[in-house]
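I have placed the structure first, in the form of structure tokens, so that the comments after it can refer back to it.
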Amino acid sequence: MTIFRSAPMALNTSNRFLLQRTKLFDLVRHNSHKTQEFSKVMVANRGEIAIRVFRALTELNKTSVAIYSEQDKLSMHRQKADEAYLIGKGLPPVAAYLNIDQIIDVAIKHNIDAIHPGYGFMSERADFAQACKDNGIVFIGPSADVMRQMGDKVAAREAAIKANVQVVPGSSGPVKSADEVREFVNQYGCPIIIKAAYGGGGRGMRKVDDPKDVENAFHRAFSEAQAAFGDGSLFVEKFIERPRHIEVQIMGDQYGNMIHLYERDCSVQRRHQKVVEVAPAPHLDEEIRQKMVRDALKLCKAVGYQNVGTVEFLLDNKGNHYFMEVNARLQVEHTVTEEITGVDLVQAQIRIAEGKSLKDLKLTQENIHVHGSAIQCRVTTEDPALGFQPDSGRIEVFRSGEGMGIRLDSASAFAGSIISPHYDSLMVKVIAHARNHPNAVSKMKRALKEFRIRGVKTNIPFLMNVLDQPKFVDGSVDTYFIDEHPELFQFTPSQNRASKLLKYLGEVEVNGPQTPLVTELLPKNVEPPIPRLQHGQIAPSGWRNVLKKDGPEGFAKAVRNHQGCLITDTTSRDAHQSLLATRVRTYDLAKIAPFVSHSFSSLFSLENWGGATFDVSMRFLHECPWERLERLRELIPNIPFQMLLRGANAVGYKNYPDNVIHKFCDLSVKSGMDVFRVFDSLNYLPNMVVGMEAAISYTGDVSDPKADKYDLKYYLDLSDQLVKAGTHILGIKDMAGVLKPEAAKLLIGAIRDRHPDTPIHVHTHDTAGAGVASMLECARAGADIVDAAVDSMSGMTSQPSMGAIVASLERTPHETGLKLSNISKYSAYWEICRQLYQPFECATTMRSGNADVYQHAIPGGQYTNLQFQAFSLGLGDKFDDVKKMYAEANEVLGDIIKVTPSSKIVGDLAQFMVQNNLTKENVVDRADELSFPKSVVEFLQGQIGQPPYGFPEPLRTKVLRGKPKIDKRVGEDMPSLDLEKLKQTLEEKHGRKLRDVDVMSSAMFPKEFDDFERFRQQHGPVDKLNTRIFLTGLDVAETTDVEIEKGKTLTIQLLARGKLNNKGEREVFFELNGQMRSIFVRDEEASKDIVVRPKALAGVRGHIGAPMPGEILEVRVKEGDKVNQKDALFVLSAMKMEMNIEAPVAGTVKRIYLGKGEKVSAGDLIIEIEALSN
């Protein structure tokens, strides 16, 4: 009939006869073909496409039948069908869906009228279509003959040439060996592309840019094609540079009628696999469009094509289009064509297979119009940050994007779904339809932003980058788009905070506290009272405003001219370090901070950082010390912050290079620090980097006329040197609390007389109970500032009571300016808050102060720790002996100043002497035969500095036994640390961008930082949990609110804990924001005897693990082999994709843990390489 539509000839008698005859013939032909109505239709596929066909069948009122493999027993497509039958029992996952005999048997047994093949698997297998026909079953697709011709890319090529459609130069038939590919390369040159003859989707496809890669590419393509399509046949063609990938959707009935449904642009590809598809193709010249659709129709008519299919072209930048292949099936991206044309392609397939004509379906070319623009994004379970490695596992959370213009086609997209490693990684197809391409992009972006998927990695971050790229929004992309835009692979990782917090709470529920508890007491379920402040009230000016305005010198001068005694509040640092093992969290400090800012603006400073708080916050509290400082500075802008800096040890326990110390101080200031109280554990001046305040560590008793060490002259000489060095404030740091009231009056009075213009700041501990008296004497003798802790956090090994000092100085020239009423409210908060920290409460063993500190001089914080240790070891009744041995150890070392780290050295020696039944006499006699603690040896070498009265002899010589001695500042000879290199190493190890403060944490405490970083990445912002729940978790049915950021609060309830499964795990059930969530947690105690495969350790470059779940196809090395970087180690297959896993470092293969044929999980350690030393 079309001949008369296109031939403008006069209708003479013979022509009229011919017309009538033709019409009559067509009518007879049409009426002679019997149509049928299918009752039952099987879909020989799985997943999303199976469900898509089921939906069409339901709309057509037909019975849908599914088949499923053993591995798909719980898959959604099985549940969506009206009937479902198992196939391929005992077969591998993919092979089950390729078993033609079983599929046909099931179809016959259950009276199946027709089979829809979907896409992939056997959708382009002519033998499957033939088997259906031979058994009286309709195959919904082209005929077997057409499939043989079109499904075979080589035969399709030949048909295109015969139809006078331009093709890309390629092999005339399937290539049988790599040698044939080389011959093609010799003739046409590189680049070339090797393709599977019987499949698509990027599988069995390899681009070759260099002739030397032909062998490997051929074998990998063959293996992939064989696994994915059951046929490893390959062909090869010239690779067209910079093409657009345009495909034309065609549809033909059984009567020779053929239409097109316009085109799709599939140029956004990765590894030749389509990622994003657009219809119609943006900015496609209309003349070129018409040429392409005409060629598509011409080819399909020439071969007698029927049903739905796609003709694919490559369009070069000169407007030339080349036939590439015919997909004789429904395409994954058929959805965008449906959206712009309004035609249900799947229903049309079924109706055409029933014998309906296009006219019956009211599908004529004149009726096909384009309405708007559509985009499809394939959301897959692949990790774009790791080269799109497929991920598998359990979906813990699934929330999709929806709304106007959004369509979702999925199968496994729901919470609790198990993503199998055996099949394609497609999770859900998201289709956006709008009036034009830019609007469709906006809709798609909005929809993808709404998605929340947890438990498996997805490619959504990559898709969002594609949609944000201006060239994509403009619509002008080619197949090089992804390769030429590396910024598409720069991702902002999902924080996934809620899931991580649930994991933490699950760990606590199953395995107990994740920070060691010291006592048997548990935190009380209390809510500390926060004094109310008037909303919008601005904090009054404080001493920090003076510091910012006048600078350090002006600030020191203002302090010296101030009338009255200023107070430094140690509640936020030294008080809880001494009483609660340094365990107080930022969570509780931040809650009371606004009240402190408004009610204590006259404080000289808040000591809230440094000392042991730095490493303890990472090790035990799992929070960043820098974030604590920054958070408190945000809440308290008006009061100076003060920290304890251990000279050349900074906040650590060893010497650091000078550049590290300087950088640490610089970063501290930027983060909010104001006053550095700098000290050295031996008062060794070269180690004291003079900051705002240089502190003299106090020991001995200057009021004792018999003292031959550490007398008044010693301290006055030190003060002279520090003032000369330029200190702004002179500090006296009495770590042990041995500064008696009389000695305080004598010492401070003498220093005040010697240095009348320099402010004096005194710190003590109240171990003996005389702290308040001593601080009052200091104030009267001329001290400008004294340290105190709020009443409920004072006394014993902490600082003296703030309330007592303030009350005692009221109505005197030394009045502090603080109000007792505010102190009372402040104290009430900490009195209740302290009950949350009962697991670390020193009062469980220490009931009162003890004046014997004047004999042993153990520093406050160390005193508490030693007592804890003694009681935990059952030596509580021996603690007096421990204290006496501490005093003896101090004498053995030459009566040194005892401040961290020197106090630890004395403690180590004391324990060593107790363990070896040594006395202060015989330890020296036997020194040349004993193995002393490392800290003692390093002290005697001079590693921490030079003691003021020299090293003890002959002890030093006997212990060192020829080891080198250091008689100068250690830092002088220490090479600078390359902080930029360290940063690069850490970012590579931990997989994220780090701040300079993170690098500094690592420089100070490398292991602690690595452990903290790994913990936070795994468990999220646990610092946002309230303290009781952080320490001991939720009770069953208990609910807690967690504010993860301003305006975002999680509501979490613990529901139940499941029984132990065969993997040694327990399922823990929560309700998160009203939705049920569950996680599996390994029970460490109950699963001790369960054998677990070792995992590749993050950051260990010689550990090569499985990047994804799958099967090892080949191991290319053996133990003892020497390998170079990037040498192939093993081949892994997963989700029908093969990967060559290469060596990340050069070295020797130390051990192969798993071999060929082993099924592996992501992270399983496969090979260990002993890396070559640099």
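Every residue, even glycine, has its Cβ placed from backbone N, Cα and C.
All annotation found in TrEMBL is predicted automatically rather than curated by experts.
It should be emphasised that the depicted structure is a prediction, and the values quoted were computed from it without experimental measurement.
So that you can see what the record holds, here are the features copied from TrEMBL:
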BINDING   Lys153, Glu237, His272  ATP binding site
BINDING   Asp574, Lys733, His763, His765  Mn(2+) binding site
DOMAIN    37-487  domain 'Biotin carboxylation'
DOMAIN    159-354  domain 'ATP-grasp'
DOMAIN    565-824  domain 'Pyruvate carboxyltransferase'
DOMAIN    1095-1170  domain 'Lipoyl-binding'
MOD_RES   Lys1136  N6-biotinyllysine
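The binding-site residues Lys153, Lys733, His765 differ in how many other CB atoms lie within 10 Å of their CB, and the one with the most is His765.
With all protein chains in the displayed structure included, the most crowded Cβ environment within 10 Å among the binding-site residues His272, His763 is that of His763. The two recorded residues, Lys733 (Mn(2+) binding site) and Glu237 (ATP binding site), show a Cα separation of 81 Å.
Residue pair His765 (Mn(2+) binding site) / His272 (ATP binding site) shows a Cα separation of 71 Å. For the domain 'Lipoyl-binding' (1095-1170), the DSSP-based tally of helix, strand and coil residues reads 0 helix, 40 strand, 36 coil. Local packing around the Cβ, expressed as the count of other Cβ atoms within 10 angstroms, is greatest for Asp574 among the binding-site residues Glu237, Asp574.
Recorded residues Asp574 (Mn(2+) binding site) and His272 (ATP binding site) have their alpha carbons 62 Å apart, per Cα-Cα distance. In sequence order, Gly170, Ile193, Ile194, Lys195, Met205, Phe235, Val236, Met324, Glu325 are the same-chain residues whose CB sits within 8 A of the CB centroid of Lys153, Glu237, His272, the residues recorded for ATP being left out. Note: the Mn(2+) site is recorded as Asp574, Lys733, His763, His765; in the same chain, Thr570, Asp734, Met735, Gly737, Thr764, Asp787, Gln799, Gly860 also have Cβ atoms within 8 Å of that site's Cβ centroid. If you average pLDDT over the domain 'Lipoyl-binding' (1095-1170) in this model, you get 86. Maximum C-alpha to C-alpha distance over the listed ATP-binding residues Lys153, Glu237, His272 is 16 Å. For the pair His272 (ATP binding site) and His763 (Mn(2+) binding site), the C-alpha distance works out to 70 angstrom.
Separating the Cα atoms of His763 (Mn(2+) binding site) and Lys153 (ATP binding site) is a whole-number distance of 86 Å.
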